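J.: Positions annotated as transmembrane segment by TrEMBL: 123-142, 154-174, 180-206.
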Amino acid sequence: MEYRCVKCGFRIKTLFVQYSPGNIRLMKCENCRAVADEYIECEIMILLIDLILHKPQAYRHLLYNVLNSETVNLKGILWKSTVGFLLLDAYRSLLLSRSNEGQSSSMSFSLLAWIFQKMLKDVVLGNVMFLGVFLHASRILLNTSAGASSFKDFLLAVLISSYFKIFLVAMMVWNFPSSVIYIIDLFVLSSNTVALKGKLLVLLYFNE
């Protein structure tokens, strides 16, 4: 099993050595000479704060050292994350449609069918185009063909870094203006950029 240094992305075989329960020594990276992953000793709340602050080290810890194919069921995580992502995206499209059409309590069948069709188009086509652009860009940057494993890696990075979409659930309880949706979109896009940029840099420089 191989991990990555959260500072530079260099491969490392082990992140810590455990001498006894609760007594561990964190390993240092051979490339940058810094502690490979200090998040091992941190509380989950510190990791969440660093993710919100868009720190690349937090994303490397999560994507390389926590969500490892040998320690967790990545296929199950991908399926669950994809379903949750699409449901939140569908709810976002519904909120925008309701905002554009007004808060009318009585809607005709044709209007409901139009809203459903628009939701399907926005969710499916929008995300296919979004992922296609990122995958195509990664193939150009890495100068290689993106296989199934590369696709899963990038898809997982996008899904995990889109956690800001969970704030759309708050709009089920509180009546926020539609502008909040676009603010959440900006946070999601910036988070996606940080996660994918960190992953691409690791693959570019330390893909041996």
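FYI, residue positions are counted from 1 along the chain as it appears here.
Backbone N, Cα and C atoms are what each Cβ position is placed from, and that goes for glycine too.
Nobody curates TrEMBL annotations by hand; they come from automatic prediction.
For each listed feature, how buried is it and what is near it?
T.: Only residues 6 or more beyond the boundaries of the transmembrane segment (154-174), in the same chain, are considered here, and those with a CB under 8 A from a CB of the stretch are 51, 59, 62-63, 67, 74, 77-78, 81-82, 85, 88-89, 91-92, 95, 130-131, 134-135, 138, 146, 180-181, 184, 187-188, 191-192, 194-196, 199.
Away from its own ends, the transmembrane segment (180-206) comes close to residues 4, 8-11, 31, 51, 54, 56, 59-60, 63-64, 92, 95-96, 134, 138, 141-142, 153-154, 157-158, 160-165, 167-168, 171 of its chain (Cβ-Cβ under 8 Å, at least six residues beyond either end).
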